[in-house]
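Look at TrEMBL and you will find A:6-119 tagged as domain 'NADH:ubiquinone oxidoreductase chain 4 N-terminal'. If you look up TrEMBL, you'll see A:123-415 marked as domain 'NADH:quinone oxidoreductase/Mrp antiporter transmembrane'. Feature annotation from TrEMBL assigns transmembrane segment to A:6-22, A:69-92, A:104-121, A:159-179, A:203-224, A:236-257, A:269-288, A:295-320, A:332-350, A:371-392, A:404-424, A:451-471 (among others).
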């Protein structure tokens, strides 16, 4: 149990030190993030791959309201915790070429955000979950608002208000559940045990779903996302797309499905529809985007749409839902890794050439062969070539969607074609062709850039060839979740 | 050494070659890169030969070799395992054997290229993925290779990526392949649901007990066929293959002969148990195959680029193979894969030799009279041309004849299309030969005296392939010529469905005679037109007759696709982005924010801080409350 407390509070301690360490903030935050990653790996190695909650912490907190500091890790939590703690050092390292003003604050905010994320991903008390949910939002708001690009204040205000509005619905849902709970606490287990009728479940479904859908974001709740991704500093974009959107997906899996399965079942047709529309719609929009960052932002909406479709097609078909759910697990990790890689490459290009406009670029491969290789590997991971991490997730997810109907799988499967179109279009227009005045003499990747991108490429390939390391960790917990949900559905 | 101990080396060696040459591309010398690149393929070939002979002497014809568990989720288990049986063992020989010759040839052909190391590493990777495709013991491992060769074709077609047209051709190949790949994947999902597995050894025995015409099997095979259409360049997905000649010529040889396009035929032959039970799909395959064969042949008639002629001839020959698959001549189609691999590799490498000698000139209008300058290239290409034209006793005759005979039995109309295509094939192939090697030298850019035969590392592969093209038919000589149909017997050990030919000998002989006479007629016609008549195709600036225009412009298929698919999608993209996303959806979101703001402006006025107003409102409230209470009591 001490390990989990340590895991959550180490970044907090690191953040405080970072905030006051001025010029050496980069170093302090890097060291913190790496220690946290080391601890996470240690915990993952000690994790017994069954469905139980491990490293559990349960401390009384606000006794009058029955609020506990109750956290723990099962396979599903472990996956997102791994993702978070793996990406945070990568994101920090990716900032090394930048000289952000007021680095103490910048790096401290990243670590603060890590604390919030870890609370979300480990909380077993709804109140704690909500605290983490909002605590993760505030640092990212400041990161985007202080260090962002053009028009950042307006764009960020919208992002902030939109997501907070969503989470207020969730807060109402949590309070309602608390009031219904005879045990008068916020324990997730007692929420699971509540028997709620169909109408209650329907309302609660929407209260939670809106919050999660905005966070992911899935169509049509997505319009804050492309602007925010484009205006945020790259590290902010990475935090948002790599980790933060997984809060929404995690929320669906951990809170929505097991607490209100009937509500989910009643509305799953609609969610399937918007998820699949989102895949096609965002992919088509990505075709003609002029700004590479915005293109990747839309591609991310398409990918998240597929994850959502896979989950909602799989939750109520018993153990046959394993493929879709495991696909979602794998894809959360892969998408996080790949999208961070893509945004980093665009950042490298931007920092050298001051533009991410696709039409201004071209021919970079000639003078930057290393970049062209790592870029291609990450693109291949993103378009799910077999042998890369993206394939495992996408394949399993599509297999899950197939359970809903072959037409659903065929339409969602368009992402295989469309993804190749927009990604290769971008790759071609940025990297291939003739060099122009702007791109001539482009400096190839070096130092930390190389380190970060090599790590990402290694993960793309290793997870593609040996996905078992991840699938194995989550399998029992996913199975347990499916059993739990399906049991509740059959009782009704 | 047993097969189980050896087999993993076959794909591993090319992978090693890829890694070594890929990492060492900047500091290894060109000769070292060439030796490693070709050497690993040669080693793979030798091992494949050993495996082939071991298998021949082995009573057990099918060996499944398990490597490790790749993906498992719920009931889905996908092991990374290989299947060595008569079908895959023959494919191994083609891939590594012809692959080696192409590597050897490339050492000289690409010698001046600055990205020599990269080229060889990509070639090795290509062979690696093709081997995985062929060796996979389930559809998903096959799919690794399936998409992997798509990737390698992308890398190699766009090898000279600074030319945007080449980069676009590469992207087109990848995307068109992916359209097929979606079909393949859906087929896999259907199979997993229907059979509960994706492994050959679990699917085929179950299918063997099913009745023909099962709807699910029709659906599954249709999906797989869509996959094959993408990879093996069939209507409507063939337009990527002619563009694929943007890559260096040895790459074309590799794509068109040893790897990639044969994948679709291999996959269907492998799944012949399923296809045999789906007559509807077979019917569609036969029609698509015949149509592709004919259309591509018509396009090839008027092309002026030597590689384009060959590219369309590949599409057309692949059409033949699909026609064969559709009519149930699985062995015949596979036989044609083999002979076609010999003569098409030869034709492309020969064309490369011509292009090399002509300093990158590919337009036949600027060639002519090269047979004295390039005697080995000329003679070997002539062998290949005779073979592809189906003139006995060269290899193409036997394989084409087997397909046509089965087609006649299935449908005389399709047979007619096949024979017409055979006539056109002989015509455009001899047209190409005559324009290139006969008549007068026509290039104005390069002096004739500078044209020289290629070095021995390039001509040696040509000679070997010429011998194979000439005698390769021997592996499946039909009974009618006193042969023993070795290939058919061999493949029966791999559960490839076999159908007897029920034609009497006279019909068979007559059919053969018709196609041979037509081929010879085409030869003579081409001879009079292009050698005696010394006709040269019109310049691009000149007017052509409408029919020639349609052929020369490839039935305008690229333009049609652009008009009905690419343009509308791009238009839709802009519409979605500018109108739906920005104006409509985001408009609603912003509208909600705006109306909240506006509403607050009105409500804010009430909070004026004026005590008098507050008191007035309070009194008003009390009165209203009282009135309400009294009214209801």
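Each residue's number is its place along the chain shown, starting with 1.
Every residue gets a Cβ built from N, Cα and C, even glycine.
Mean pLDDT for the domain 'NADH:ubiquinone oxidoreductase chain 4 N-terminal' (A:6-119) in the predicted structure: 92. The transmembrane segment (A:236-257) makes no contact with the transmembrane segment (A:404-424): fewer than 3 of their CB pairs lie within 8 A, with pairs spaced 6 or more apart in sequence. Counting only same-chain residues 6+ beyond the ends of the transmembrane segment (A:451-471), those with a CB under 8 A from a CB of the stretch are 79, 90, 93-94, 326, 329-330, 333-334, 337-338, 340-341, 344-345, 371, 374, 377-378, 380-381, 386-392, 445. Same-chain residues lying 6+ beyond the ends of the transmembrane segment (A:371-392) with a Cβ under 8 Å from its Cβ atoms: 299, 303, 327, 330-331, 333-335, 337-339, 341-342, 345, 348, 364-365, 416, 419-420, 423-424, 426-427, 430-431, 442, 444-445, 453-454, 456-457, 459-465, 467, 471.
Helix first, then strand, then coil: DSSP counts for the domain 'NADH:ubiquinone oxidoreductase chain 4 N-terminal' (A:6-119) stand at 78 helix, 16 strand, 20 coil. Across A:69-92, A:269-288, A:404-424, stretch A:69-92 shows the highest tally of CB pairs under 8 A with the transmembrane segment (A:332-350). Long-range neighbours of the transmembrane segment (A:104-121) within the same chain, counting only residues 6 or more positions beyond its ends whose Cβ lies under 8 Å from a Cβ of the stretch, are 7-9, 11-12, 14-16, 18-22, 25-26, 28-29, 32-33, 36, 71, 77, 80-81, 84-85, 88, 91-92, 95, 128-129, 131-140, 142-143, 146-147, 235, 239, 243-244, 247, 250-251. Fewer than three CB pairs closer than 8 A are found between the transmembrane segment (A:269-288) and the transmembrane segment (A:69-92), and contact between the two stretches is not assigned (pairs 6 or more residues apart). Nonlocal intrachain contacts for the transmembrane segment (A:404-424), taken as residues 6+ away from its ends with a CB within less than 8 angstroms of a stretch CB, comprise 272, 275-276, 279-280, 283-284, 286-287, 289, 295, 299, 302-303, 305-306, 309, 312-313, 379, 382-384, 394, 397-398.
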